[in-house]
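Trainee: To start, I am sharing the structure in question, which I have written as structure tokens.
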């Protein structure tokens, strides 16, 4: 233990002891652990909305259609956060950790505000901000992990994204102790505090409402997110201990120079600002030109396949995760409140476990085989929700299988794409754009259909998106097969260059004329020439003297 601590402590040139990662594997493990903790927090404040959905509908006096619109707005916020986060992630790669911490802080603050929203408009605005932080986080976290592990990133992707399921599994455990006494659903007197949307469903049998005192669990989740920010800050300080010192010195230099410098006149300031605007315009124009020139058919194929695949993957996941709890309580299965929390817990525990298992499977099996197996497993389990009897046993079984097959689809798809193209900030923008589009459209559609036709349409929505998922997964695999592995391309190029250099060396060594001409090197000749000239001059002078003496 002391040896490990000693390896991580380095004495700086100034004499102070600074914590540093001496081995690269230590830094990789530390960054991966911080990102896993980040995804746990992401799962906490994203999926806590599912068990508290009836409570949020009760607090805002809304129905399924309105709450589906609010959840869709969160997905729109994810799109905007992905756009800005992806641009900043590619522009400032060294600040990805800082961007992740800032997005976590925004997510923690929005989590505290959610249970206090008494209006659907306020809730929609807060969920939009939470979606922005979600998108900003993922566009920096995924490229950071890909840059850490590079060609071996398929397994760590599954491990990191398993944290999302772990956080989502912890959420119902935090919610259950704060469940309030049941409110009768068949109460005909609808007051201002009664959730009219839940009463408006087409279920004729009575069912008690499951309401929660959401302030305390949401505050606990916010505290966990702030602890993740502190842990991430520690990792950044250990990984880059001189970063803070250098930034302080730069700031001191800037402040000292600005204090000693004389102020510029207003005209010069105006001219300087106009010059800066023109420079910004030129840079933006050149960036657009470079982007348009660099876009190839291969990149267009990767972008289209990525968008369509994540549209279905995340759309299917959001519909099931958000509306499963209400379907279990108010749908044909009619589970009790405790069973509803239990099935929600089982779903997310299997969600997390499946991604951890896929982490080890991806080390030995091809990513394409893993992806197509998961897609067909998701389809078959969703069909089971419709075909099999609506009993507790079959619902638990189908939900568990659906979670085991559905969960690893997101990281497995990223692993397949990473094999053919680099996971950059721009590509994560496409991932989040497809994810937010699928989540927005499908969640709004699910809320609208459930409000209009009842809970029985839920498994049909899940099966329809699973069918689309199988089709898009097949298209993605075929497209990536056409592109080929980028790591093999690099290895082939390097092997060809090595072969060319070896052939050139063999040709040089096999030619006798070239060896004779190349044998005297320039430094030696330059060092010998002056001496040889002096010796020849002396010998020449001696010969002349001898000839003259002989003549005499």
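Including glycine, each Cβ sits where the backbone N, Cα and C put it.
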Trainee: Check each of the ranges 258-278, 279-299, 426-446 against TrEMBL and return the one annotated as transmembrane segment.
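Mentor: Of the candidate stretches, TrEMBL labels 426-446 as transmembrane segment.
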Trainee: Of the ranges 189-208, 369-388, which one does TrEMBL list as transmembrane segment?
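Mentor: The range carrying the transmembrane segment annotation in TrEMBL is 369-388.
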Trainee: Hey, would you say the transmembrane segment (66-88) packs against the transmembrane segment (426-446), going by three or more CB pairs under 8 A that are 6+ residues apart?
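Mentor: When sequence-distant Cβ pairs are counted, the transmembrane segment (426-446) touches the transmembrane segment (66-88), since at least 3 lie under 8 Å.
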Trainee: Is the transmembrane segment (157-175) in contact with the transmembrane segment (215-238), using three or more Cβ pairs under 8 angstroms as the rule and ignoring pairs under 6 apart in sequence?
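Mentor: Yes, the transmembrane segment (215-238) and the transmembrane segment (157-175) are in contact.
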Trainee: Quick check for me: are there 3+ Cβ pairs below 8 Å between the transmembrane segment (426-446) and the transmembrane segment (95-114), leaving out pairs under 6 residues apart?
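Mentor: Contact between the transmembrane segment (95-114) and the transmembrane segment (426-446): absent, because fewer than 3 Cβ pairs are under 8 Å.
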Trainee: Six or more residues beyond either end and a Cβ under 8 Å away: which residues meet both conditions relative to the transmembrane segment (157-175)?
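Mentor: Apart from its flanks, the transmembrane segment (157-175) reaches 32, 35-48, 50-52, 141-142, 145-146, 212, 214, 217, 220-221, 321, 341, 344-345, 348-356, 358-359, 362, 407-408, 410-412, 414-415, 418.
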Trainee: Report, as numbers and ranges, every residue of the chain located at least six residues beyond the transmembrane segment (25-46) whose Cβ falls under 8 Å of a Cβ in that stretch; write 'none' if there are none.
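Mentor: For the transmembrane segment (25-46), the list is 7-8, 100, 104, 107-108, 110-111, 130, 134, 137-138, 141, 144-145, 148-149, 156, 159-171, 221-222, 224-225, 228, 231-232, 235, 238-239, 348.
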